[in-house]
Amino acid sequence: MRDLIRRNLPFAAVAVVALVAAPLLLEPFRLGLLAKYLCYAIVALGIGLAWGKGGMLTLGQGVFFGLGGYAMAMYLKLTEAGPGGLPDFMVWSGVEELPALWAPFASPVLALGMAVLGPMALAVVLGTLVFRQRVRGAYFAILTQALAAALVILLVGQQGLTGGTNGMTNFFELFGRDLAEDSTQRGLYLVTAGVLGVLYLATRQLVNSRFGRLLVAVRDGEDRVRFLGYDPALVKTVTFAISAGMAGLAGALFVPVVGIISPALLGVVPSLELVVAVAVGGRHALAGAVLGAVVMGYAKTAFSEQFADGWLYLQGALFILVMTLAPKGIAGLLGRVRRARTA
Amino acid sequence: MLELRDVRVEFDGYRALDGVDLTVPEGELRFLIGPNGAGKTTLIDVITGLTRPVAGSVRFAGHDLVGRKEHRIVRLGVGRTFQTSVVFEELTVLENLDLAAGFRSPLWTLARRRRGVSEAVAEALARTGLEELAERSAGVLSHGQRQWLEIGMLLAQRPRLLLLDEPVAGMSGDERERTGRLLTEIAADHTVIVVEHDMEFLRRHASTVTVLHEGKVLVEGSVEQVSADPRVQEVYLGRRPSDAAVGERT
Ligand SMILES: Nc1ncnc2c1ncn2[C@@H]1O[C@H](COP(=O)(O)OP(=O)(O)O)[C@@H](O)[C@H]1O
Ligand SMILES: [Mg+2]
């Protein structure tokens, strides 16, 4: 029992800060930014699981994030347009009838379900095709990256269906509440933080389970695992699907929090940025992945406010620095400090 | 129990196995020897589904193994080790064994934490003498201990047929001795095929030996018969097989 409390103390402390202190102390604008970083942190958690524990370097999480985001955006647009109405951007592009693809997204349950299950289904299909063929390492990374690029092209090309390059924005209400209200945004922040907390605990549980051991074994010796009677492709597909589901949910939260979804938010660059964030935070620890997303999110905001273009280079430099000097990232450094103190 | 008929394997036109027939009855401890490149590892690869033969059949306990996926063959009760041992260094000895033992449980049942030690795992720990090291990470094990852990992982799976590829290679005299005893013990209630060169080791522990040479079965028989056979002596470069053992390990 005491052990249980001590093990969960850091988590509890962070939870108190996130759920109590932050909403009290931060002004609405800053709280909104933090909510955005927490959305990214949910994606990062999935990357930490798939890449850190499972060895699958996925450079295309933006795809799943985007699918979740678009599902949510479609729902928001449809509620605004009202029954029989058309979303604003469709009117501008001369679309006259609601496309059949859109119809199910009028239901919040279906839309949210699609935001999570859609990405998971795509990951299962992709994983089944790719992992069965024993595609891994750099090939898998490039493939996921290509997928992100392809989705951007698809979204941009279907102007009338997706809002094209501009994506979708101008959302005004969510479940009958005004999105511009501070209280709504605070509520969204709390939901996002809560979702992240629950997913973090669930993922940690998974990593510590026998499945988690199996996943690490697959990462370190896929062929050996096969000769223990397991199907590594299945283990990887399941894990990849879980990480995709997380990214989808994060996308669905991101849309009402930030107020926009567009191809630029889910392409190759944002997908890469998240992987860099996980590396900086420390991919071998789930907490490191979450931390990395928040830290890099803040850093990006802070630097982009001053020198817009510098961020890309700084990010690259930071990535190289971390990979060469502290391959276990911030989490690794913190761990070393803690061990040094107890030793 | 295991029956190979006219098995042929080619790598880019090179015949690694050239019509191998092999029958191993239930409960036997069979040694497989032969010079470097004779095809011993390839033979194990064929049985376990890693390499697909261009011709021939492999039958095990009434099942045709050719074309089956590796993990399905394992589920039929065929376990193997590799020449270079692979244990999962980030996991503890116990976790390695537990992982091996859990292979028949459906994936979703693994979503829980391990509680306690299962009977199969406890037995494997005891047999391999790794109890003291159970909680240590497998990364700190010595070469010999790794091999035992690998054998333990196989035992935890309760297979019917074990294929061990040079389990004593690189071991010290003491370790060899201990491994030999372990093998004899295992052979009491399993069918085992061991790839090994060392004639001394063979004399002490082997019953039946199959000699492989250039992808073909050269001789089969007791250790005495085999080591007295002139063809075997010739294969080992004109030296006596016991000399050939030194430095002949791949
Ligand atoms: N995957 C492979 N590709 C090409 N040649 C191979 C492959 N595996 C084994 N060989 C060749 O097949 C022959 C038999 O190899 P192997 O079965 O490893 O021999 P042994 O284990 O008896 O030393 C060798 O000449 C080896 O070079
Ligand atoms: Mg060999």
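All positions are counted from 1 along the displayed chain.
The backbone N, Cα and C atoms fix where each Cβ goes, and this holds for glycine too.
According to TrEMBL:
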type: TRANSMEM; residues: A:9-26; note: transmembrane segment
type: TRANSMEM; residues: A:32-51; note: transmembrane segment
type: TRANSMEM; residues: A:58-76; note: transmembrane segment
type: TRANSMEM; residues: A:109-131; note: transmembrane segment
type: TRANSMEM; residues: A:138-157; note: transmembrane segment
type: TRANSMEM; residues: A:233-254; note: transmembrane segment
type: TRANSMEM; residues: A:285-304; note: transmembrane segment
type: TRANSMEM; residues: A:310-334; note: transmembrane segment
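Between the transmembrane segment (A:285-304) and the transmembrane segment (A:138-157), the number of CB pairs under 8 angstroms, six or more residues apart, is fewer than three, so the stretches are not in contact. Through the fold, the transmembrane segment (A:58-76) approaches residues 43, 46-47, 50-51, 102, 105-108, 111-112, 114-116, 118-119, 122-123, 140-148, 151, 155, 162, 167-168, 171, 173-174, 240, 243-245, 247-256, 261, 263, 265-268, 270-272, 274-275 of its own chain, all at least 6 residues removed from its boundaries and within a Cβ separation under 8 Å. Residues 35-36, 39-40, 42-43, 45-47, 49-50, 53-54, 56, 58, 61-72, 111-112, 115-120, 122-124, 126-128, 131-132, 134, 188, 191-192, 195, 199, 203, 206, 211, 214-215, 218, 225, 261, 265-266 of the same chain lie 6 or more positions beyond the ends of the transmembrane segment (A:233-254) yet place their CB under 8 Å from a CB of it. Using a Cβ-Cβ cut-off under 8 Å and counting only residues 6 or more beyond its ends in the same chain, the transmembrane segment (A:32-51) has close neighbours at 18, 22, 26, 57-58, 61, 64-65, 185, 188-189, 192-193, 195-196, 199-200, 203, 206-207, 239-240, 242-247, 249-251, 253-254, 257-258, 274-275, 277-278, 281, 283, 285-286, 288-290, 292-294, 297-298, 301.
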